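Below is one structure, written out as structure tokens, with a few remarks after it.
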Amino acid sequence: MRVSIPPELVSSLGACDLRVTVRGEGIDKYPGGPGAAKQHARKVAMKLGVSSGLIYLVGKPTINWGDSDQPQPFRQRRYFYYLSGADEPDCYLTYDINNDLLVLYVPDFDLHRAIWMGPTLTTDEAERRFDVDKVRYYASLQSDIQSWVGKYNDAAPVYILHSSQQPQFSVQQLHIDDQRLLPAMDAARVVKDDYELRMIRHANKISGLAHRKVLEQIHKMSNEAQIEGLFLDTCVSHGAKNQAYEIIAGSGPNAATLHYVKNNEPLKGRQLVCLDAGAEWECYASDVTRTFPLAADWPSSHARDVYQIVEEMQEQCIKRIKPGVRFRDLQVLAHDIAIRGLQKLGVLKPGTVEEIRVSGASAIFFPHGLGHHVGLEVHDVSEKPITGMGLPNRPCRPDFIPAMSQSVPLLEEGMVVTIEPGVYFSKLALANSRKLPQARYINFDEAEKYIPIGGVRIEDDILVTRTGYENLTTAPKGDEMLEIIRRGIDN
């Protein structure tokens, strides 16, 4: 629609300061926009189950390295980002639940910093960029909180994540709740909204391009460091300057080290590379692993056979993803497939699948969980881990499978989880397992033949949809992966 404005009115508008306020039920400044922060704040309040109170969050401060004047790389606290969308240091945030008012506090203007580092974030710029109701400078934070406390704190608490993050000002008797906000935010973050899914998809898109580029160029490389370098270069070239986690580029026996990050050994004489690397986009992670040969085809039957076992583990688990599924059952399925495959190879001795699984023998070769949530953290938060075991009991022990809780949350629409089975032949793990009861199920002479391949892991990020799943990961694998390597060699 076009509106005609008389010329005399146009000339008079130049001296006017016009501001338009749009009011209406359910209208947000940026519906589903940058960070979808206001939507997230309301969701957290709903998970808290309260209609009043003040959520108070402290962003990541600027911190120098020890004994240095150089700042550490900045990484915003993820709970803060979830409610602000602000990837800037030294910020604070409040959300007045009763008045539905989300306020971001940015650092006061610092002339010295502006001269040395460039323009600093202003309130006007922040209001344009972030999905918050109001932006104020830090100088206003103390008086604003004191005003809220004077009006409401007798009846409603100030919610904080940790006791160390209380508002720092001269009020002696604050009504503080440092117990309920963290689980409420975990519950809110576990199911992703459309904005978050767009970010995770884009992170996966860039990761897919980087994995593909490595496959195309792998025949030219002579060291693990070159793999890491090319992956990083591709991500940065596509706008993703940060990785969701340290790149793992383990060749040969190094592939059996789950979190191998040295990435500095020569590739000569090695059979496989396990590349676990994922870009980050707007603070949202991708988590992708591919294992591929350093040749146009599988260099040995051992490498091919182990890859096919892991490939089947992943395919069978992914096809069962849907709402209502218990992730623990998929973990058990993956172990059962691994056991049958390793028995065919002669690595595991005869016995029922169940008795071998319960003994923990398969966990010698598959010692980690099948997957985890993905979001603002690569190992994203939830009220209760989908495997039934929390961070203090990471799944690295042989008794992981029998110890897993039967009472675990079911998969829900909107969750994003990894499916990352693996089979590894760790010289250290095999030597240690000789002393364990489950050693009776392992043919060590046969298992040690596989040590040169290291291990195989394949990992994709899977969205739980209303009727099933969507694979968000675009990195090539299987036959497509091999074809890309061959084309690279031919060219």
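We count from 1, first residue shown onward.
Backbone N, Cα and C atoms are what each Cβ position is placed from, and that goes for glycine too.
For the Mn(2+) 2 site that Swiss-Prot gives as Asp287, Glu459, the extra residue drawn from Asp276, Asp297 is Asp276. Annotated Mn(2+) 1 binding in Swiss-Prot involves Asp287, Glu459 plus, out of the candidates Glu246, Glu315, Glu420, the residue Glu420.
Every protein chain shown contributes to the tally, and the Cβ of Glu459 (Mn(2+) 2 binding site) ends up with 25 other Cβ atoms within 10 Å.
In this structure, the CA atom of Asp276 (Mn(2+) 2 binding site) is 10 Å away from the CA atom of Glu420 (Mn(2+) 1 binding site). Across the structure, Asp287 (Mn(2+) 2 binding site) and Glu420 (Mn(2+) 1 binding site) are spaced 9 Å apart at their Cα atoms. Cβ neighbours within 10 Å of Asp287 (Mn(2+) 2 binding site), excluding its own Cβ and spanning all shown chains: 29. For Asp276 (Mn(2+) 2 binding site), the count of additional Cβ atoms within 10 Å of its Cβ stands at 24 [all protein chains shown]. A coil conformation is recorded for Asp287 (Mn(2+) 2 binding site) in the three-state DSSP classification, outside any helix or strand. Asp276 (Mn(2+) 2 binding site) carries a strand DSSP state (E or B). Counting every protein chain shown, the Cβ of Glu420 (Mn(2+) 1 binding site) has 24 other Cβ atoms within 10 Å.
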